[in-house]
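Structure, as structure tokens:
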């Protein structure tokens, strides 16, 4: 016999059904909510993003980011180009242009610079090596096309399901660790640019090898010389600002010119490969017909696409956070969900056209914002933290006033008000679009010839300069230097003085372990899995670090959100 439900049981079943239906309606109602919110808060600023570009800061920002984006991108891809023979300089430049065009025109965060990074070249090269071990490997570009398509699908799902809200768990603990990793990757690639020449001491190319090393050191020293002079009290402030804006490009041009002077020219040092104007590697067609790939390889590409999603989720979003860090006086809202959806589109297009997939660049993204920063004098009466302009708190986006601190502020001498501190940022879309458009200009025959004249040693020096500069500003480096300082000469208002040295060592030790694990994996055949280690920094910070013997105040001094509460509101706020 059929069991008859009691009225109470029927009521419970009805309530359970209604609650499930309500939960489903709520869930479906939240789909794409982050993207919609990004549109609502960012659309009113779109016209001003173009009008506000009428500012001199656009010129130095464009020139600086063009050199800092394109040349390292080509250098990163040198190993990929020589190993796979599936890519060339044309693919690298077109990928950079595509990213700049899409994110500057359609993006919600135009300050974020996207391009070809070291991690994606490692990712693509590792896939090539893995496929090369197969007896009957698939077409490489077809397989990469499916990897990128799977990765793009995961990107779109992430944006629609509002998974970018997970960025609320990203603090300086993760950002500093990843930035530390990227800095050492830059230093490593600078060495590899030189050692890739494979010469012996008695070979005819040995003189060129030594000239390459000399050029790298000259590039490094001159770049830091201009940077140091821009931070001194010498010369007029406009001269110092000029050195800060154009010091690195001037060093690059001058050091390249030295290579063609006297005996340096006779040594014939290696230069960058250039290729032919707008010609793809191997003369292949522009469209990659990846849909012709055999079914089983399509399935095999799925886990690789998942790893790509992990890499880009952290790399791109962290670069966006750092470009909108709390040290910058920004006033326009962000849009992480929509930009990550756009990143899925650029990833898909890259696979369709056979380009290395672009994504957010570190340290180029925060360098871009720094170059757009307008300096001025702080207003009297505003709360300013110690150590002058370098540690000045940022302007609030909503009120354009400096954020106030609960801590007592030190007395500020009158001479401080003659110093310059960040007072605004030229938030616009033109500099990103301009530096990307210059990539197309560089693809024309005359400029490809100029590119071919740049010695590889200069590129190595550029890598070292960017790596060391990033290390100088990294939180891990600053904490290590604090531990080495004479405490009698440490400013009383330094927040680290409120933290026990043993706890600073413990916190930095956890970061160093994370960095060492990611860097070590990158040097092995398992390099493709390093994004997973980077992503594990989030649960480590959220669940493991609070269990260590830190007080609440000590953790607050050692770690904080990367961006301001206004920026983090786009991803649900901060923890």
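Cβ atoms are placed via backbone N, Cα and C, with glycine included.
Transmembrane segment is the annotation TrEMBL gives to one range among 335-355, 356-376, 377-397, and that range is 335-355. In TrEMBL, the feature transmembrane segment is placed on 209-230, out of the ranges 11-32, 33-54, 209-230. Secondary structure by DSSP for the domain 'Bicarbonate transporter-like transmembrane' (423-560): 105 helix, 4 strand, 29 coil.
Residues 119-120, 123, 127, 138, 142-143, 146-151, 153-155, 158, 174, 178, 340, 343, 347, 357, 359, 528-529, 531-532, 534-535 of the same chain, all 6+ positions outside the transmembrane segment (297-314), place their C-beta atoms under 8 angstroms from a C-beta of that stretch.
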